[in-house]
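What follows is a single structure, written as structure tokens, with notes after it.
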Amino acid sequence: MTRGDSANGGGASGQQQGAGKFPRKRFYRARAHSNPLSDSHFPIPISPDEVNLSQHYPRYFPSDEGEGRQGDAAVPRIRFADVGCGFGGLLVGLSTLFPDTLMIGMELRDKVTEYVKERILALRASNPGKYDNISVVRTNSMKYIPNYFRKAQLSKMFFLFPDPHFKEKNHRRRVISMQLLDEYAYVMEEGGIIYTITDVEELGEWMRSCLEKHPLFQAIPEEEIKTDPVVKLLCTATEEGQKVARNGGHTFQAIFRRISFKEE
Amino acid sequence: MEDTGVEEAEVSGGAEFAPALVAADPHGHSVAVAVGPELRVFDLKAGSAVSLSDDSGGGSHSDAIRAISFSANGVLFASAGDDKLVKVWKTDSWCCIRTITSEKRASAVAISNDGLYVTFADKFGVVWLVTMGESGGEQELTDNKPVSILGHYCSIITNMKFSPDGLFIATADRDFKIRITLFPKKPLKGAHEIQSFCLGHTDFVSCIAFTCLSEGPSFLLSGGGDSTVRLWDYIKGCLLDTCQVSDKVGELLEPNETEDSNLAVADICLTNDGSLVAVAIKSLNGVMLLACDLIAKKLSFLKVITMEKCYIPTSLSSSFSADLLWTVMGASNMPNQATSQLFTRVKIIPHFKKDPLALCDHVPAVLEDSEVPHGEKLLLALQGSLDIAKQEEVLASVLAALKVSMHKMLVKKHYSEERREQRKRGRNDKKIKK
């Protein structure tokens with residue numbers, strides 16, 4: 001919501017430097033928060049069919065042969081979503097861990113999205129053949145998740161260090177809530193895993209209690225969490241996580257599995 | 001959602017006109033019209049206006065009613081509105097049995113098919129549920145306060161309906177979405193499992209309606225601000241057909257009225273078998289009829305029933321038993337309108353059914369006022385007045401208001417780049433460091 005086009009600030013200067021150069025954060029100064037409640041003024045795909053994958057993953061979807069493989073089961077789909085991806089640390093970490101899985105970061109702040117875009121382009125240019133499976137989109141995922149993903153499309157969703165929104169009046173701005181979990185459950189396949197982490201104890205409890213109350217999610221046993229290679233990245237890969245570690249702070253995780261609905 | 005047209009964005013606070021609503025009892029026993037805070041009911045069996053009574057202990061409506069609905073069996077009736085009240089009426093005595101206070105303004109209301117639950121949606125996009133009836137120990141636990149069962153994140157829910165089999169609840173919002181949610185057997189714990197999203201509208205969705213076939217699959221129809229009527233397979237969330245009504249209306253209207261913003265679909269109404277769709281369109285003085293072929297899954301334009309120049313229906317309804325399509329025009333919250341002047345105009349289209357034998361010559365036309373069932377008595381009860389001349393005057397101002405009303409409430413406000421910069425400068429969280 002900071003501006004309508006990318007014709008000023010860091011976005012343009014990043015492009016001028018050409019691919020291969022890493023963007024510098026100082027050119028992408030952004031607010032720490034953005035209001036998820038306000039009306040959005042950026043383009044939103046009307047339905048998941050309109051998500052332009054060739055723009056996000058050019059190596060997987062060469063734009064010239066887009067027509068030929070429609071309806072084919074072999075067409076790769078986005079499987080991971082990092083909601084509120086920030087500066088994209090987790091995506092970069094996951095990219096090499098799951099080199100054949102398409103994943104997308106979703107971020108509301110325009111400048112931050114620009115930064116991640118440039119970062120991915122630079123990574124691709126300096127590591128040919130790598131980082132082709134990650135991308136970023138500027139969107140309000142609290143409003144438009146179903147516009148991007150089909151039912152049961154995702155196998156992992158990440159909510160790392162979301163805004164805590166302490167005031168009770170602002171609790172509805174939290175990215176994890178009973179209502180929004182309905183939508184996340186819709187886009188996740190059965191057995192898919194939702195990862196949440198925060199350094200704010202109050203929010204950690206909130207996210208855990210929402211997930212515990214929700215009939216479509218079930219806590220994952222501790223032993224299983226320990227063997228999950230993704231969990232280590234939650235703290236180490238993200239900028240926010242590194243900051244917490246630097247300051248010696250605590251983190252609170254809630255990792256749950258999407259289960260099928262059982263009515264008692 | 002592109003940042004294109006810049007409309008005048010600053011809207012004076014009270015400029016949200018509430019269009020008049022009509023609802024016909026499924027069995028044709030009665031018909032209700034809501035305009036502003038007034039609920040007018042006419043008993044078609046007895047042929048007299050109904051005086052409403054209130055046993056619920058709550059107040060009566062004090063602000064515009066935004067949604068009214070009969071239950072599927074016609075036993076209950078619910079009204080909800082800007083005064084944050086949801087009132088449930090028993091239709092045998094027209095006595096209000098429950099008044100529920102909502103935290104926010106209510107924008108949609110529905111009664112579950114078994115009549116056990118009333119759901120209403122508020123302007124924050126949350127759907128609330130209350131248990132009706134005395135039976136059921138479950139209700140004691142919750143103190144019978146409304147519980148939230150689902151939500152559209154911060155979006156106005158414009159319409160809410162139960163599927164004919166009662167398995168799903170459909171909610172439409174201003175963010176182009178229709179959500180189909182499984183309605184659980186114990187809904188007090190919330191409706192968390194989403195069956196599908198019906199995505200395809202490119203503007204707000206104003207109305208939805210299910211086809212109710214006794215056997216075979218049921219379908220969903222929707223109308224929206226993109227001036228389309230769409231047919232959906234709601235189980236899969238799959239768009240089957242789209243009918244662009246603006247193409248058909250275009251030639252009937254003055255050129256300056258054909259802007260898409262004026263051709264939003266205001267309401268749709270189906271015949272019993274779902275084969276015929278009546279469409280009310282903002283700016284269209286009349287009703288458009290579409291044929292809905294549920295075998296071929298196609299919508300096709302049939303005809304426009306034109307009405308007098310300044311009659312633009314704001315709401316449509318029909319009942320299963322009688323083949324009458326009820327239409328109403330009117331609005332409240334008008335500037336310079338005294339509350340005593342809450343006129344509406346009611347018109348009825350007879351033979352609202354698809355008759356394969358007589359589709360061409362036996363076409364529906366509008367009933368003259370003298371041909372209306374129970375004649376003047378009904379019109380006086382539902383319209384509030386019979387003085388046509390005075391009405392014309394009021395309706396002319398209603399007409400002007402209607403053209404903007406829905407958009408003011410449902411469309412995202414567009415600000416010019418300069419305007420946005422200016423607003424930012426006025427924000428006190430941004431210190432100027434230059």
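Here the Cβ of each residue, glycine as well, is placed from N, Cα and C on the backbone.
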Per TrEMBL, member of A:Leu121, A:Leu123, A:Leu160 binding S-adenosyl-L-methionine alongside A:Gly84, A:Glu107, A:Leu108, A:Asn140, A:Ser141, A:Thr238, A:Glu239, A:Glu240: A:Leu160
Range annotated as region 'Disordered' in TrEMBL, from A:1-23, A:162-184: A:1-23
Distance from A:Asp163 (active site) back to A:Ser141 (S-adenosyl-L-methionine binding site), taken between C-alpha atoms, in Å: 14
Cβ neighbour count within 10 Å of A:Gly84 (S-adenosyl-L-methionine binding site): 22
Nearest recorded site to A:Asp163 (active site) by CA-CA distance, among binding-site residues A:Gly84, A:Leu108, A:Thr238, A:Glu240: A:Gly84
Neighbourhood of A:Thr238 (S-adenosyl-L-methionine binding site), C-beta criterion under 8 angstroms, separation at least six: A:Gly86, A:Gly89, A:Leu90, A:Leu160, A:Phe161
Pairwise C-alpha maximum, in angstrom, for the residues (A:Gly84, A:Glu107, A:Leu108, A:Asn140, A:Ser141, A:Leu160, A:Thr238, A:Glu239, A:Glu240) that bind S-adenosyl-L-methionine according to the record: 21
